[in-house]
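Taken verbatim from TrEMBL:
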{"type": "DOMAIN", "residues": "1-190", "note": "domain 'N-acetyltransferase'"}
{"type": "MOD_RES", "residues": "Lys56", "note": "N6-acetyllysine"}
{"type": "SITE", "residues": "Gln58", "note": "site 'Crucial for catalytic activity'"}
{"type": "BINDING", "residues": "124-137, 160-169", "note": "acetyl-CoA binding site"}
{"type": "MOD_RES", "residues": "Lys146", "note": "N6-acetyllysine"}
{"type": "REGION", "residues": "196-235", "note": "region 'Disordered'"}
{"type": "COMPBIAS", "residues": "209-221", "note": "compositional bias 'Low complexity'"}
{"type": "COMPBIAS", "residues": "226-235", "note": "compositional bias 'Basic and acidic residues'"}
{"type": "REGION", "residues": "252-284", "note": "region 'Disordered'"}
{"type": "REGION", "residues": "303-333", "note": "region 'Disordered'"}
Amino acid sequence: MEFSFDVDALLPERITVLDQHLRPPARRPGTTTPARVDLQQQIMTIVDELGKASAKAQHLPAPITSASRMQSNRHVMYVLKDTSARPAGKGAIIGFLKVGYKKLFVLDDREAHNEVEPLCILDFYIHESLQRHGHGRELFHYMLQKERVEPHQLAIDRPSQKLLKFLNKHYNLETTVPQVNNFVIFEGFFAHQHRPPAPSLRASRHSRAAVVDPTPAAPARKLPPKRAEGDIKPYSSSDREFLKVAVEPPWPLNRAPRRATPPVHPPPRSSSLGNSPERGPLRPFVPEQELLRSLRLCPPHPTARLLLATDPGGSPAQRRRTSSLPRSDESRY
């Protein structure tokens, strides 16, 4: 991949390592040093163009490698330069490899979840015209030595079929551990990971004995059958018989005249469940004048006679003096 600026002067080494700062590498002694801002801008251009070429080769809708993504993440990018080809004396780029550490939840061969943070292969691209020339293996081997990891310890983010064949051909990575995410890990990934201990032989023997134990269990207690629920009754029979009896009001309220004829229409009944019990009709209140007349005709109580006998004002002489007054004077009081 060629650019308009001098790639050979910008990247002095065959493989250049770029971090999130995208700083230009150290210059060779005796070479001119252009402005620092221009060098960083050229590196950002290389990163953007390589990301677009990789997305196009993998048929991705958008690039997953760009200068802005590099600056916002702690990823490392290995760029491989072609030292033999010098078109117009500017050099060319063969490909790149981007890696980074990510915290993942992966499944092991026993389908147990494990939280790990391995080194992940995030993007890998070699120019189409320079593939099958050993450039990919050279770049990948340099990354393994630089990061000090083994191929089976890597996690690959959505690898293509070409990358899977590459790993199988050069590093014998064939058997994968199925995952629920987009990352692919190979057999041996958990070789140095902490795994829970297997159950002891004694525990498994006890569990096996519990399964085949012929001793019958204690019979379960039988509960009495549940009584069927009958119709819901609003009142008991005794309540209904008691309420049907009309209660006689006390004297002298019971002296009110009764109705000669029953009412034409019976009193309405309640529409609730079971209907309310019938009650006797209440008698009207006695007028005040009739109540006073009844009290005057009532004979005196023995207690009242005793009070009159002990009252000084109630002596026979006073009663005679009171009764000897003329009728006209008696009416004044």
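In case you wondered, yes, glycine gets a Cβ from its N, Cα and C as well.
Automated prediction, rather than curation, is the source of TrEMBL annotations.
On the structure: features taken from TrEMBL.
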residue	record	contacts (Cβ under 8 Å, 6+ apart)
Lys56	N6-acetyllysine	none
Gln58	site 'Crucial for catalytic activity'	Ser160
Phe124	acetyl-CoA binding site	Ser54, Gly95, Phe96, Leu97, Lys98, Gly136, Phe140, Leu163
His127	acetyl-CoA binding site	Met1, Ala53, Ile93, Ile94, Gly95
Leu130	acetyl-CoA binding site	Asp82, Ile94, Gly95
His133	acetyl-CoA binding site	none
Gln161	acetyl-CoA binding site	none
Leu164	acetyl-CoA binding site	Val184
Leu167	acetyl-CoA binding site	Pro151, Ile156, Pro159, Leu173, Phe186
Lowest local Cβ density (other Cβ within 10 Å) among recorded positions: Gly136, Lys146: Lys146
PLDDT averaged over the residues of the domain 'N-acetyltransferase' (1-190): 89
